[in-house]
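Chemist: Pulled the feature table from Swiss-Prot, pasting it below:
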- E347: active site, proton donor (ACT_SITE)
- H378: active site (ACT_SITE)
- K493: active site (ACT_SITE)
Amino acid sequence: MMGKGFLDCESLVALQEMALHPIDLTASGCLSEERIQKNSLSAEGFTYSYATERVDDRCLEALQGLTEERELIKQMECMQQGAIMNRIEGFQSESRPVLHTATRAWVRDQDLHEEAAAIARHSKEEALRLAEFLYIARAKFSTLVQMGIGGSELGPKAMYFAMQGSCPSDKRIFFVSNIDPDNAAEVLREIDLEQTLVVVVSKSGTTLEPAANEELFRQAYQNKGLSIAEHFVAVTSQGSPMDDKSRYLEVFHLWDSIGGRFSATSMVGGVVLGFAFGYEAFIEFLQGAAAIDAHALTPKMRENLPLLSAMLGVWNRNLLGYPTTAVIPYSTGLKYFTAHLQQCGMESNGKSISREGKEISFRTSPIIWGDVGTNCQHSFFQSLHQGTDIVPVEFIGFLHNQRGLDCVLSGSSSSQKLFANLVAQSLALAQGRDNANSNKRFKGNRPSSILVAQQLSPRIAGSLLAFYEHKFAFQGFCWGINSFDQEGVSLGKELATQIIGIMSGNAPVEFSEARGMLRLFNVLT
């Protein structure tokens, strides 16, 4: 199903030769209007510009060839139809399908195979139950606290703030994720418990962080003499320890084939987004994601937004050797989006073992980081322009703000100034500027792309979420790694359990290294 191995692809050999002398973006006339128009793609409400990437037609043709040799579209089709994509062949692994796309497939007409169709059907059933629940809950409660960690917090939180500016709401939303009790204490100080719905999210029903925070909140409700069962909602898998209607006002379900970092379009995001903005806004969000799911099956790379972005990322990472990628949204609504992308990209593709269980000898996921523009222009952009490391930048922008507030100063509005800064940074990174004063010299040839929509609406938020989900999936397919497990988080959790045992006096085994550390910090005597 994966075609040739990544390093065996003929297209990769051609790309390696091209990478020795990539296009010079600083050359006079390089960024002509013809190049800018040609190296762009408009689809599904977005315009994507990659004229400031160090690629030319020959390079793009070779990248298209690489997508064909690695059968990336076929792999995407298999994933969306329910093939077993989460596995390591010949080794014990989760061996599951990957069906986050099915959680929104029901909002559009799509022929699905049995496994995917079942998840789509169950997702629709859960959504209809959610609509009934919200009718009562939104009338009764003014506040919602979501408890979860990783994908149970990062995606829903990013999408809540992305939609907040375009969806008027009188609801107050808080997120509690860290096991640090100060996180819970901060939120408890801000809320009226009687008016608050607490949503606890854990697929397994045993995740340490939400379990600990749920206990803190249950104690707070008990101390106030309030009915716990009338204020707590669970989102978990069927049959988990949390799947207990006697302990919760309502229980919503998700499935093993829905990974945490891909779960925002399931009830993991549905309850909080539906409560905050209404059921219709949640459906619009799903429709945006579903539109990109269909678009991601477009065969030609230069007509497929997430595939094109993925392959430009492969070019920057594997051929030009850049170790990090900055994602810079010029939108306050996306202030938590990069944190979600860090998990979605790095937990998916931060792997060094192939799907055949073999050590790989090439680079996989770059470090993903970033912040909101224009703020970050005044913090780390100095390094982007003149630092010793070249960092590809993915700019995200909108032609109109969400809330409608604006003013004109010195002949231009704040929204115009914001967008002008986005374009200026991309051009400055690409073109640079020569100067006899070496301290004022900008070398240029620092690649970037720009993804622009009219406005950050619920539909565009869903599309943006799915765009990056599929970008990272395509990259994992290209590299031949399993983008859908996260074994890297398990070792630290196992050791933490042992250390907790030492600290509580119930250590089952000797762990001299941990004891030494604990004594150093005066935790043990």
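Cβ coordinates are placed from backbone N, Cα and C, and glycine is handled just like the others.
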Chemist: Can you tell me how far the Cα of K493 (active site) sits from the Cα of E347 (active site, proton donor), in Å?
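Modeler: Pair distance, Cα basis, whole Å: 15 Å.
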Chemist: For H378 (active site), which DSSP three-state class applies?
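Modeler: For H378 (active site) - judged by DSSP and reduced to three states - the answer is helix.
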Chemist: Using Cβ atoms only, which residues of the same chain lie under 8 Å from H378 (active site) while being at least 6 residues apart in sequence?
Modeler: none
Chemist: Taking the Cβ of E347 (active site, proton donor) as centre, how many other Cβ atoms lie within 10 Å?
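Modeler: Its Cβ has 23 other Cβ atoms within 10 Å.
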